[in-house]
Amino acid sequence: MTATVMIWDIVLHIADDVELLSLPGRFQSPTVVHFLSRFLSLVFSCVIFADNAQTCAPTLTVVAIGINFVALAFTLFQFFIRVRVIYCEDSWFKTGFFATLWVLASGGASLNFDFNVATPLAGCTKHPSTSVLIRLGLPILAILVYDSCVFLAISFQIYKLSSLFVGAKPQCNQKEYGTRDGPTPQFIQSFKARALTLVGRELPSLTRAILQDGQLYYLMSLGVSAITLVLLLHPSIYSGYRPLLVPMHTVLLNIMAGYVFREVRLGRMRERELSTLAITLHQQHQAEETLSLHSIRHDEEAEEDSS
C-alpha cells in the first residue's frame, strides 16, 4: 500500500523533479536531500512490502528500519531548510534551536532498531505489546513536536512581517490603546488589522500565498502525525494493524515536505522574496533607530551649548 502511494506521487510529480534537475545549483545540498528522501522513502516502502511477503526475514526487517531512519532524517531536514529560508536574517540561536529539534526528532526513529519493535513495524507480529506500541509512538511524538515548532515559527514570522504591510505596528503610548471610557479607535483599527492577518485577509498576495498554501501542507503534516499517534495507541483498533500506520506516516510526511520544497524551489512559493523583504525592513528599521538616536543626541548637545 505505502509503495503504491509513493510510486503514484513520484509519477505525478516527475515533471517537477525533472525541472528541478535543470535549475542552476541542482547539486546543492537542499536539492540532493530532497531526492535522497524521495528515493529512500520509496525503497523503505518496497522493502517493507518484500519483508512482509517473505514472512518477515530478520535481516530484511533491520534493513527496512535503517532505511526508514535515514529517510525520516532527510525528510525532516526539508522542514529545517524552510525555517532557515524564512528566518535567514536572524541570529544563529534560532538556527541552532531548530537544528537541535531536527536532531532530536530524527534520533527518535532510532528507538525502532530494537528487533522486538522492528518486527511489528514490518507487520510481523500479530499481537505487539503495549510497551512496543508506545516505543513506536515516541518517534512520531518527537516529529509532531518538531513539526509544530516549525509551523508556529513560520506562521509567526509571516504574521509579523504582514502586520508591517497592513499598518498594525504596536504603539508604545498607552493612551492610544484605551482610556477609562474604553478602547480608542486607533486601537480598534490596529486590532482588526492584526486579526485579519491571522486569516489571510488584507494581506499582500506574496504573504497570503505562503500562509495559505505552504503552511496548509505543513498543517496537514501535523494532522497526519497527530492522527497516526492517536490511532497507534488507541485500544479499540486491532493491535496487529496499528504498527502498519508508521510506514504510511513516513510516506505521507515525505509527500508533504517534498511538495512544499518543489513549490519553493521552482518559484511558485516566493518565500525567498519574503525573506529578502524581511532583511530590507529590518535594515530600514535599524537605520531609522540610528538616525533617531543621532537626532536626540544632537538636540541634547545643542541644548547644552545654549545653556
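Residue 1 is the first one shown; counting continues down the chain.
Cβ coordinates come from backbone N, Cα and C, glycine included.
Residues or ranges marked as transmembrane segment by TrEMBL: 62-81, 93-113, 133-154, 216-238, 244-261.
Looking at 62-81, 133-154, 216-238, 244-261, the range that has the most CB pairs within less than 8 A of the transmembrane segment (93-113) turns out to be 133-154.
Contact count against the transmembrane segment (244-261) (Cβ pairs under 8 Å) is highest for 216-238, out of 62-81, 133-154, 216-238. Among residues of the same chain six or more beyond the transmembrane segment (216-238), those with a C-beta under 8 A of the stretch's C-beta atoms are 79, 133-134, 136-137, 140-141, 143-144, 147-148, 150-151, 154, 245-246, 248-249, 252-253, 256-257, 259-260.
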